[in-house]
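Asker: Got a structure for you, written out below as structure tokens; questions coming shortly.
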Amino acid sequence: MFISKEWLESYVEINEQVNVLAERITRTGIEVDDIIDYTKEIKNLVVGYVQSIAAHPDADKLNICQVDIGEAEPVQIVCGAPNVDAGQTVIVASVGGRLPGGVKIKRAKLRGEHSEGMICSLQEVGVPSNLVPKQFEDGIFVFSTEVKPGTDALDALYLNDQVMEFDLTPNRADALSMIGTAYETAALYNVPMTKPETQSTETSDQTNDEISVNIQNEDKVPYYSARVVKNVTIAPSPEWMQMRLIKAGIRPINNVVDISNYVLIEYGQPLHMFDQDQIGSKHIEVRQAKADEEMTTLDNQERQLKENDIVITNGETPIAIAGVMGGDFSEVTEATKHVVIEGAIFDPVSIRHTSRRLNLRSEASSRFEKGIATEFVDEAVDRACYLLQTYAGGSVAQGRVSQGELGCFVTPIDISVSKVNQTIGFELSAEDIESIFVQLGFETTKNKDVLTVMVPSRRKDISIKEDLIEEIARIYGYDKIPSTLPVFDQVTHGALTDRQSKSRIIKATLEGAGLNQAINYSLVDKDRAKDFALQERETIDLLMPMSEAHSTLRQSLIPHLIDAVAYNVARKNSDVRLYELGSVFFANGEDELPDEVEYLSGILTGDYTVNHWQSKKETIDFFVAKGIVDRIAEKLDIQFEYEAGEINGLHPGRTAYVELNGEIVGFVGELHPKTEKDYDLKRTYVFELNFDKLMSVSVGYINYQAIPRFPGVSRDIALVVNRATPSAKLVNIIHEHGGNILQEAEVFDVYEGEHMAEDEKSIAIRLAYLDTEQTLTDDKVNAVHEAILEALKSEGATIR
């Protein structure tokens with residue numbers, strides 16, 4: 001968006017250098033990307049009057065001009081422009097002057113004739129070629145009004161000006177207009193903003209006698225209105241309007257078209273002007289296009305329309321693509337006498353889809369896509385009527401025809417002074433806050449500590465109280481906010497927290513065990529979101545996912561770890577060991593925020609160690625995975641218990657729940673054979689722990705224990721049990737009956753096969769006995785040992 005300082009000052013009186021103004025605007029969050037200075041490199045540029053013209057005696061394409069530039073005598077200038085003529089008021093660069101590009105004007109002799117200056121085109125004074133009016137694109141510029149010779153040409157051209165180029169974010173559509181920028185500037189400088197004149201003198205003709213409108217689908221077109229201006233005279237628009245449009249990046253065409261574009265830039269409200277005589281009826285109908293409907297747009301291109309496109313029709317034939325471009329046969333031409341002015345609100349999504357599909361990006365479509373200010377729709381049409389009456393001699397018919405609702409012009413938002421001060425971190429009074437909103441043009445009412453702010457429709461970026469707080473900070477000035485040190489409830493000496501320390505220890509432990517850290521997306525496909533979940537909870541689905549594969553927040557880290565292993569195995573890396581410390585998510589219904597829980601998970605497949613001259617390779621199995629989990633418990637100074645269990649996606653006979661203080665906090669086990677087959681994996685083992693629960697367990701101090709002074713005794717037992725009996729059950733029975741002298745019970749062998757029944761297995765357990773107070777006797781050990789054996793027998797175990 002290009003903002004002319006001269007144009008801006010017609011609404012807001014500011015006495016500020018443009019670079020200071022640009023810096024101040026940038027500090028509020030609207031970035032000024034560049035400043036275009038039309039006075040740069042220009043010197044001695046004046047207005048001249050061509051008194052006479054004579055053909056050059058030695059050059060067919062040159063003319064000798066006598067030009068009054070406000071000095072005692074006219075100067076002679078040799079000019080080659082095809083459109084130069086006597087009686088013209090032109091731009092002259094006098095001797096000693098400079099033009100953009102480093103051009104210096106000197107006395108010269110052209111084909112034997114002296115020339116003391118240069119009659120200039122707009123391109124030569126810095127106007128881009130694509131913006132020069134067509135009648136001047138191949139020649140010099142000629143003023144349409146009388147200007148005193150010798151006047152500063154930059155002043156006469158309204159180019160004694162600087163233009164700021166805004167790099168706007170999508171939320172600040174209000175700054176896509178001069179008036180929106182004027183409101184912002186007025187707030188920054190705490191000065192009033194003057195709105196332009198919109199009141200025209202209406203004739204006795206009634207608009208509803210001239211035209212009628214109908215909307216077929218108000219979901220796509222909430223509001224459509226039209227006014228009629230008759231008997232316009234097509235001519236060039238005044239120079240001030242042409243130059244303002246040029247500085248805004250728009251090429252002037254004629255007064256009627258220029259007024260439409262001028263109001264677009266002024267209000268940010270796109271208008272469309274139809275030649276009333278060419279519409280083909282007295283009725284305008286707004287509808288969605290029919291399948292395979294066609295129309296020719298202003299650029300003479302035949303357009304294939306789709307059913308989602310919105311079109312303006314004369315009741316039968318499309319005459320414009322709504323919000324994008326008009327049709328060729330209803331455009332304003334040199335023959336136009338009567339004009340219908342359209343002001344409307346169109347669905348932003350529909351306009352965006354249509355403009356992208358047709359590759360028709362315009363100033364109008366870009367504003368409709370972002371949403372327009374309902375408060376300005378009718379006002380912009382009235383402004384256009386006033387300008388047509390003033391600069392095109394038009395007669396404005398009474399009233400307007402419309403259908404639909406404009407909607408609310410303001411949105412009320414309540415905000416408390418205490419909330420503002422708590423958020424920005426320093427004290428502002430209610431009067432200070434109210435003053436800022438008044439500066440922004442927001443009406444406010446006060447009830448004790450609460451301000452009700454009426455946010456106008458032009459500020460679509462403000463919808464909640466936090467947005468209002470941002471406005472307060474912006475206009476007050478981020479640079480004025482006092483510097484303070486942060487206040488902490490608990491001040492540390494720069495050490496890691498307990499959780500941070502434990503996290504680092506666990507990561508180091510896992511990496512020491514040969515696992516590499518993985519970091520995966522928190523999103524999975526919906527079908528796998530509940531896989532391996534320890535608890536049955538509702539999932540959290542994205543409203544508009546980028547892909548089906550990333551549509552739901554995960555409830556386990558295992559699915560993505562399996563993907564990572566499968567990816568590696570498919571690329572001949574068969575020995576993979578990974579862990580991940582990340583968040584999982586559980587829904588709490590529509591009214592509550594979801595739970596975010598940190599989990600620790602791991603996955604192992606292939607060989608744990610490879611062949612070496614000192615050792616043989618070791619294939620990963622259940623006990624390797626369980627050993628890593630035990631190592632985690634050891635590092636955290638806690639003790640896990642294991643219980644056989646079944647979890648969706650894991651092998652039913654090789655899976656165990658991990659318990660801490662009687663509560664299930666995770667699992668360890670082998671992937672289900674079907675899962676391994678689906679991913680083309682060998683035996684693969686996983687573990688998953690609720691890391692938050694591990695961190696919540698308070699760990700006491702480590703107590704010193706003296707090295708035992710007395711020898712211990714170990715006994716091995718072999719038990720025949722049913723194959724379904726878990727070894728953990730036997731170990732628990734042993735501990736229950738081992739008394740104080742049983743130090744440890746460890747399974748060291750499991751046998752199934754020859755000499756065993758099909759439904760039986762043999763489990764060998766080593767029992768370690770120790771008395772820290774005295775030497776153990778056989779009698780004492782035997783008594784405890786026999787009690788253990790009897791307990792095992794009562795549970796169906798047979799001693800081998």
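Glycine residues also receive a Cβ, built from the backbone N, Cα and C atoms like all the rest.
Note that the coordinates shown come from a computational prediction; the quantities given were computed from them, not determined experimentally.
Just lifted these from Swiss-Prot, have a look:
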DOMAIN    39-154  domain 'tRNA-binding'
DOMAIN    408-483  domain 'B5'
BINDING   Asp461, Asp467, Glu470, Glu471  Mg(2+) binding site
DOMAIN    708-800  domain 'FDX-ACB'
Asker: May I ask you to report the DSSP-based helix, strand or coil state of Asp461 (Mg(2+) binding site)?
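Answerer: The residue in question, Asp461 (Mg(2+) binding site), is coil (DSSP, three-state).
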Asker: Inside 8 A of the center formed by the CB atoms of Asp461, Asp467, Glu470, Glu471, which other residues of the chain have their CB, for the recorded Mg(2+) site?
Answerer: Arg459, Ile462, Glu466, Leu468, Ile469, Arg474
Asker: Using DSSP, how many residues of the domain 'B5' (408-483) fall into helix, strand and coil, respectively?
Answerer: 33 helix, 19 strand, 24 coil
Asker: Given the binding-site residues Asp461, Asp467, Glu471, which one is most crowded in terms of C-beta atoms within 10 angstroms?
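Answerer: Per the Cβ count, the most surrounded site is Glu471.
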Asker: For the domain 'tRNA-binding' (39-154), report the average pLDDT of the model, please.
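Answerer: Average per-residue pLDDT within the domain 'tRNA-binding' (39-154): 93.
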Asker: Tally every other Cβ atom lying within 10 Å of the Cβ atom of Glu470 (Mg(2+) binding site).
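Answerer: Its Cβ shell of radius 10 Å holds 16 other Cβ atoms.
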Asker: What does DSSP give as the helix, strand and coil breakdown of the domain 'tRNA-binding' (39-154)?
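Answerer: When I sort the residues of the domain 'tRNA-binding' (39-154) into the three classes, I find 11 helix, 48 strand, 57 coil.
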